Amino acid sequence: MRTRTSLLGLAFVSPALALLFAFFLMPVVLTTVFAFTNMSTSTGITGGSHVITGNLLRDLGNAGVDDDIVAALSEGSFSVTPETLAAAAEAGVEPRFLGEIESSLMGQSFEDARSFESALKALPSRPTRIRDLKLATEPFERSILNTRYSSRAAMETAIASMVPDAPVDTVSAIAEASYTGWRWIDGGNFQTLLDRPETIRIVLNTVFYVAATLAFNVFVGLFLAITTFYLPKTGAGFFSVLWLLPRITPVVLYAVMWKWFTWDNGFLYVIAEQLGLPAFNYMKGSVPTAWATIILVNGFVGASFGMILFSGALRAIPVQQLWASEVDGASRWQQIRRIILPQLRWPILFVTSYQTLSLLSSYEQIWLTTNGGPGSTTTVWALEAFNTALNNYTGNLEYGMGAAMALILVAVGLILSILYLRMFRFDELVNKPRIEF
Amino acid sequence: MTRNFSAWPIYALLGILSAPLAIMYLFLVIDTFTNAPPGSLIPNEFTFHHWRFLWDPTVTGDVWGPTLTTFLFATSMVVIVLAISSTAGYAISRLNLPFRRFFLSGIMVMHAFPSVTLIIGVFLVLQYAGLYNTLIGVILVKASLMLPFGVWIMKGFYDQVPWEIEMAGVQDGASRFTVWRRLILPQVTPGLLSLGIFAFIDGWSEFMLPRILAPSANFQVLSTYLNVVSDPNSTTYNFNLFKSVGLYYTLPILVLFVVFQNRLMNIFGGGTKG
């Protein structure tokens, strides 16, 4: 049967496509592209311009550029040209004085301020105050230092006019080095990551965090689902609502509650004090308690996910199987071990794989509680990427480096989610439309 | 089933396991109305003092502006997510599209894909689009990130509607659009309601996106407001006050949750939080 494209269908999906394109596809593309650049706050995110700064000159000198060229570039000179005259007129230099400068000094250049000033002093209508005279010289100063040029060619021309005898390749090298925008650095970010000693620590932290939280989520989720399955309705209802609360509580309030629980003079602190146990800020005071805190903070949110899915799967088990086993004298433990757990295999696999992915990329709770501390002992990969790119206090946000770190997560996320789709039988979910227009 | 076991050991185990949660939520409510002497947890005084931030802006700053913004934020989320998911979900459930399979698997991948890893890319997109530090930008991003989930849920609801209804409509001469609008949409109202409530709760709770994508904007939502207010490193920190602001902020969600608990349970299974 021939199938026709439904125009209504196209109209119906296009808004979704547009938004998904803008906020899913584009971010993936940008993350990928900028992972190979050194983009940061100081380079800006659009283009840059070409500027020679004092620091750059020092670096150039150290890098073996001829000292004469460096010296020539660092000096300013004074010249009377139509452009500088116009600049002076704009700066408010008296017109009669300007006219005299134009007629007697046009086209001349002066090495330094002193010689230019003495030439000006010879003019009849010069300002009487020496300060005004100095001000009048300023627009005529031509210096390449700290002047912005919008293109590389303009920068090269400017360098060549300052240092006419410099070799062409030196000029272009200086112009290249003077670029302030971001540039391609190929795999530079990844190389830096490999070279950094912290990287291995962060990876180990991430593995530990994901494994421990996952174990908590799955085991507690299973335990909750099975116990609430056997308990009478009221008791079961109370516990499942209690465990659902963290899931719907806004994360900021949830973090505040955990802070109260673990902070100085908080709940655990007061209890420990009264029992004579060591009382301190458990969230930030020591490494083991900080780990325990973030695993529990995330675990108490995540366990309900397993609980919901496992409870659903439990109710789907034909109750006759349980009755039959009871007739045969099975204990509750035998029921769980031989009947329930084997039938929960797929839900357990699903929860494990789904939560691996979401734990790998989540950092919201860690950020709001320990924030990777004390030191960087509880910093995980996603948090580090976020801090590098968007949230550090030194003020220079390294977008390129952060994008490189995020790219690794994006790649892992994509591969795992496609893998899960294959595993959990995607084909059965697609059925063909039955009305063909 | 017979009760061939005693329930109390299970209650005890569950109680121990749930104790931190029970304590935290119990004291969340108690502490907002009471004071306890220093070094103790048992309150000895009833007071409304911690709720004075509602009428006294000198305590934590104006709370009504952020409340209004949060409401606007959550409502816009609901409108955008419902409008786009209900149409796109119908299209991929029932209509002939080129690359329909591809689109469907794309939605699935995006649904499973952890969208927080995209935050750096999203930040750059908003910078280039000039929507950085604007409420509209944050709403668009939040709604878009929720779309794969919304479209997926709505597709599920459309799949349950019998084809016969649609065929009868088409037989009687209605266009596909009329059929969708007059016959199918009323069938999926429960889905729209659940998704709408879920989107509202999600928008109301959102913290990361406003904090990161609009850090110096001239608006505040309640989550960022609470985060600024509740800094335990400040010299005058007072958890009772923090909890009062927090409880005020969370109350609408708790009400929605209690009222619509059963509807939400169906949807949480495919939830977005880990």
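Every residue, even glycine, has its Cβ placed from backbone N, Cα and C.
Sequence annotations record features per position, and here TrEMBL assigns domain 'ABC transmembrane type-1' to B:67-260.
Summarising the annotation, TrEMBL assigns transmembrane segment to B:7-30 (among others).
Here TrEMBL flags B:71-90 (among others) as transmembrane segment.
Feature annotation from TrEMBL assigns transmembrane segment to B:102-129 (among others).
As annotated by TrEMBL, transmembrane segment applies to B:135-158 (among others).
If one looks beyond the transmembrane segment (B:179-201) by at least 6 residues along the same chain, the residues whose Cβ comes under 8 Å of a Cβ in the stretch are 74-75, 77-78, 81-82, 85-86, 90, 94, 143, 146, 150, 153-154, 156-158, 161, 165-166, 168-170, 253, 256-257, 260, 263-264, 266-267. Annotation comment: TrEMBL describes B:179-201 (among others) as transmembrane segment.
Taken from TrEMBL, the feature transmembrane segment covers B:241-260 (among others).
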Folded-back contacts onto the transmembrane segment (B:71-90), same chain, C-beta under 8 angstroms, at least six residues removed: 135, 138-140, 142-143, 146-147, 150-155, 157-158, 180, 184-185, 188, 192, 195-196, 199-204, 206, 210, 221
Contact set, same chain, for the transmembrane segment (B:102-129): CB under 8 Å, 6 or more residues outside the stretch: 92, 137, 141, 145, 148-149, 151-152, 155, 208, 212-213, 270
For the transmembrane segment (B:135-158), sequence-distant contacts whose Cβ falls under 8 Å of one of its Cβ atoms, 6 or more beyond its ends: 69, 72-73, 76-77, 80-82, 84-86, 88-90, 92-94, 104, 107-108, 110-111, 113, 115, 118, 122, 126, 129, 184, 188, 190-192, 194-195, 199, 202-203, 206, 209-210, 213-214, 217, 219, 267, 270, 272
Beyond the flanks of the transmembrane segment (B:241-260) by at least 6 residues, Cβ under 8 Å: 27-29, 31-32, 50-51, 53-54, 59-60, 63, 193-194, 197, 200-201, 204-205, 222-223, 225-226, 229-230, 232
